[in-house]
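Undergrad: This is the feature table in TrEMBL:
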TRANSMEM  20-45  transmembrane segment
TRANSMEM  57-76  transmembrane segment
TRANSMEM  88-109  transmembrane segment
TRANSMEM  115-139  transmembrane segment
TRANSMEM  146-164  transmembrane segment
TRANSMEM  179-197  transmembrane segment
TRANSMEM  218-234  transmembrane segment
TRANSMEM  254-280  transmembrane segment
TRANSMEM  287-306  transmembrane segment
TRANSMEM  312-332  transmembrane segment
């Protein structure tokens, strides 16, 4: 087995030739998966699909696809590391626990998405960056700066505006009570996912192999799928899928099963990209990327489904973008300061080495 230092140099080091391609591939997976899964989930509910457990189940049921990312590099001899090497009982237990938490998050997202327009749901989910900052400060000791606080305030105002304007943004037959159920379920999904990101960052700090990240992701999604499958079984969801496809879904059985299949595929791309981004960068960077993609989800909801984009939602979107730009600027300033400190440290080390050589 490769030692940890070698694995670190190959998979996580920013000076490695593999680092940038892995980062680009994972962001592309996140980009495609996030936008397409959100739109497909809404497509299911827009055409009389009604099973929130099914919508929850498809988010993790594609876990067998991860076996390709785990075993293919080994079979192609791209790595000497055997799959699931050093996968300790502690990591297994942590993966199962986090997977169950992810399953609850998926259920909350399904409830929220079944009631809210996709653009509104996406804008509310932007609050996950707020929670991400808070949990990152508590769990991984992330420093809170002015730009972070400014981002928190602006994104919070963005979500509050949507809640206050709820009477103008409800679908036909959707009561005020159901709207707020969807609103708070979506807030809860953002909260849990924001907790998931820094927890995973803390665990990934001790892992230096990309394949091991995929192995943990596989176990987590198996646990999330077990939770969703239990709910499906108790709600007779599996037996009713055939009936729903033939008698309920207004686009017909073929469109129904194609929607389910691509929901499974796109959600897998989304979670795969998220895990890779957190491993290669940080939970905050992952949150930033997802916030940027939420703006694309808003645009997708308006273009594809004709969601309203009135004055309040425009202001909310502007506040969301303002908060995002504020955070990016703060991150840019911080990166420049860190580079300066690193250069000073390197210069000091060079001076020490020169002194030692002269002696």
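Cβ coordinates come from backbone N, Cα and C, glycine included.
Keep in mind that TrEMBL annotations are predicted by a computer and have not been checked by a curator.
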Undergrad: Using a Cβ cut-off of under 8 Å, list the residues of the same chain at least 6 residues beyond the transmembrane segment (254-280) that approach it.
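TA: Same-chain residues near the transmembrane segment (254-280) but 6 or more away: 12, 19, 22-23, 25-34, 36-37, 40-41, 43-44, 47, 49, 54-55, 58-63, 65-66, 69, 197, 200-201, 204, 207, 210, 213-214, 216-217, 221, 241, 244-245, 286, 289-290.
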Undergrad: Which one of these stretches, 20-45, 57-76, 88-109, 179-197, has the most C-beta pairs shorter than 8 Å to the transmembrane segment (218-234)?
TA: 88-109
Undergrad: Can you tell me which parts of the same chain pack against the transmembrane segment (57-76), counting only residues 6+ beyond its ends and a CB-CB cutoff under 8 A?
TA: 37, 82-84, 99, 102-103, 106, 109-110, 211, 214-215, 217-218, 221-222, 224-225, 228-229, 231-232, 237, 260, 263-265, 267-268, 271-272
